[in-house]
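As recorded in TrEMBL, the features of this protein are as follows:
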type: BINDING; residues: His72, Gly113, His114, Ser115, Gly145, Ala146, Asn173, Tyr284, Glu367; note: thiamine diphosphate binding site
type: BINDING; residues: Asp144, Asn173; note: Mg(2+) binding site
type: DOMAIN; residues: 316-481; note: domain 'Transketolase-like pyrimidine-binding'
Amino acid sequence: MDLLSITDPSFVKKMNVHEMEQLSAEIRKFLIEKLSVTGGHIGPNLGVVELTVALHHCFTSPKDKFLWDVGHQSYVHKILTGRADKFDTLRQYKGLCGFPKMIESEHDVWETGHSSTSLSAAMGMAIARDLKKEDSHIVPVIGDGALTGGMALEALNHIGHEKTNMIVILNDNEMSIAPNVGALHNMLGRMRTGGKYNKLKDELEFLLKRIPAVGGKVASTAERMKDSLKYMFVPGMFFEEFGFTYLGPIDGHSFDDLIKSLEQAKRTEGPVLVHVITKKGKGYKPAESDTVGSWHGIGPYKMETGDIIKSKNEPPAWSALVSETVREIARTDDRIVAITPAMPVGSKLLGFAEEFPDRMFDVGIAEQHAATVAAGLATQGMKPFLAIYSTFLQRAYDQVVHDICRPNLNVFIGIDRSGLVGADGETHQGVFDIAFLRHLPNMVLMMPKDENEGRHMVNTAIHYNDGPIAMRFPRGNGLGVEMDAEMTTIPIGSWEVLREGTDAAILTFGTTIPMALEAASALAKRGIEVKVVNARFIKPLDEEMLDELLDRNIPVLTIEEAVLEGGFGSAVLEYAHESGHHGAVIERMGIPDQFIEHGSVDKLLEEIHLTAEEAIRKITLLVPEKQKKRV
Ligand SMILES: Cc1ncc(C[n+]2csc(CCOP(=O)(O)OP(=O)(O)O)c2C)c(N)n1
Ligand SMILES: CC(=O)[C@@H](O)[C@H](O)COP(=O)(O)O
Ligand SMILES: [Mg+2]
């Protein structure tokens, strides 16, 4: 069928198994073709084609509510709900979002992007349904990786206690981004093979009943022992213990299995968990054979070969630069321990893990746990390196406050993907970390201007022993600058003058430095001399340099690729006020008070006027006498 002609998913309900198999083949082909051009989360989506088709066959969306945990695997759902025609714009500016988006469709009932929220939201919807005496199925789909998120456990605990009608689909493909980790994962592994338990039980009963006279009695005892037998083979029946009816494990690519189990789940009172076994990347060899996690989320690729299309000799990715520098220092400093909450691939920690297998911990999707493990390590004189995306650090805010800053522990937080990340959009922009870290006592927060300064900053952080220190760095590659042979340390709280000027000053750091220098050189052509300062320490400020600037009463423009509210510019305003510079002329540029959607970073910067042109405009207005002289 023509996927582009789909307007709503009701057609799936009338399909037989053969037709659904055909539809699945077409969807797979469509995804492989489209994503070879746009990039995206190809692996997760190829793994849930049959599952998603079966869900739309057995349930009636949006009356029945599908919640896609993390949401990166919702492309098939988007195709079946009339959005196939938008896939050429996937994750692009004003295009199709890569995650569920209520504004796109009534079939997207819950927005995700951050992991492990679906069960809690589903519980909220189920409680509302029951209070309003409505009749619908609430069907969260959660992956084995997302299940390692603490919120999921909190939700299981509540749902099982309330015995709320809900059908949880556990999409188990043994992968998080990288191979999944943890005791939960191991337990699921035993459950996956647990299917043998049922066969073993039948064989045992059959044999026992053949023993003349006593056999029957023994068989019935064995029947009574069934649960303990089950306990022997299916560890703890974890979900049943939580009050769920456990169905599975079933083949997530077999419509017979899927439909039988989903229909049984619909007839079952109380919370049900259907354990569905799928293969990530199913149907596309390069993705299906991926055991590392490279095909979880990917850029454009050559469809025929699976070769990733990448521009040649790029400078190193920031994540690799930071993690490899930590690895280099770790060779002579055995205090260093690296911790990642399920992002070993994105944080480029596989090399560190290979060289120091005892000193790298992937704790699963458990940012709160990761932060407090780091704190615990620091109490014992170790030097933990918490490698974490800015957006996911939001999950561990209280642990940073309560367990790291308050006791003033020597934790080094590498805040990756700081600033706009682009295609992942609203849920992933790393723009809040300055605002939620700057106000924490004892916290040092810095951002390097390029990868050479980044190496010196990592070295500074490792050798800083006066409490928590965080270095934020962007998604993507460095500037390709020359690297110093030797690593040094940078004095904490010291800024750097990049360009002299007497008419105005721009204070900025990291990714917005090139734009500031561009603005300054354009203004110089108009006779306006602008000082550009690398304000590489967001906390503490370089008060000496700031005093010198403010004492000269020259206008100051702060620029940051982070939210304005409570950001670096706010810190400068606060300082000017508190230091008695009440007449200071200070303007700010940064992320406005709104969520920034998906699109290329350049396009997003343009949309929010975080550009050299805007800096020029603001500075020109700030130095009117120079402007008049021009006329
Ligand atoms: C709070 C949070 N931490 C980390 C991530 C990054 N992340 C996105 S998908 C993913 C793995 C999810 O694994 P699973 O739920 O099993 O889904 P699958 O990709 O296997 O379908 C991770 C760690 C995230 N989205 N949210
Ligand atoms: C869905 C999710 O949260 C991750 O897959 C995320 O998209 C990874 O981001 P990077 O591509 O920046 O590593
Ligand atoms: Mg998984």
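Quick reminder: no glycine exception, Cβ is built from N, Cα and C everywhere.
TrEMBL: automatically predicted annotations, no manual curation.
This view paints the features noted in TrEMBL onto the structure.
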residue : record                            : Cβ neighbours (10 Å)
His72   : thiamine diphosphate binding site : 23
His114  : thiamine diphosphate binding site : 21
Asp144  : Mg(2+) binding site               : 24
Gly145  : thiamine diphosphate binding site : 30
Asn173  : thiamine diphosphate binding site : 22
Glu367  : thiamine diphosphate binding site : 28
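Geometry remark: His114 (thiamine diphosphate binding site) versus Asp144 (Mg(2+) binding site), CA distance 14 Å. Residues belonging to the domain 'Transketolase-like pyrimidine-binding' (316-481) score a mean pLDDT of 98 in the model. A gap of 16 Å separates the Cα atoms of Glu367 (thiamine diphosphate binding site) and Asp144 (Mg(2+) binding site). Closeness to ligand 3 is met by none of the binding-site residues His72, His114, Glu367, no Cβ falling under 6 Å from the molecule. The binding residues for thiamine diphosphate are recorded as His72, Gly113, His114, Ser115, Gly145, Ala146, Asn173, Tyr284, Glu367; their greatest pairwise CA distance is 32 Å. For the pair formed by Asn173 (thiamine diphosphate binding site) and Asp144 (Mg(2+) binding site), distance between Cα atoms is given as 7 Å, rounded to the nearest Å. Candidate binding-site residues: His72, His114, Asp144, Gly145, Asn173, Glu367. Those with a Cβ under 6 Å from ligand 2, in sequence order, are His72. Straight-line distance linking the Cα atoms of Asp144 (Mg(2+) binding site) and His72 (thiamine diphosphate binding site), rounded to a whole number, equals 14 Å.
DSSP assigns Glu367 (thiamine diphosphate binding site) to a helix in the three-state reduction.
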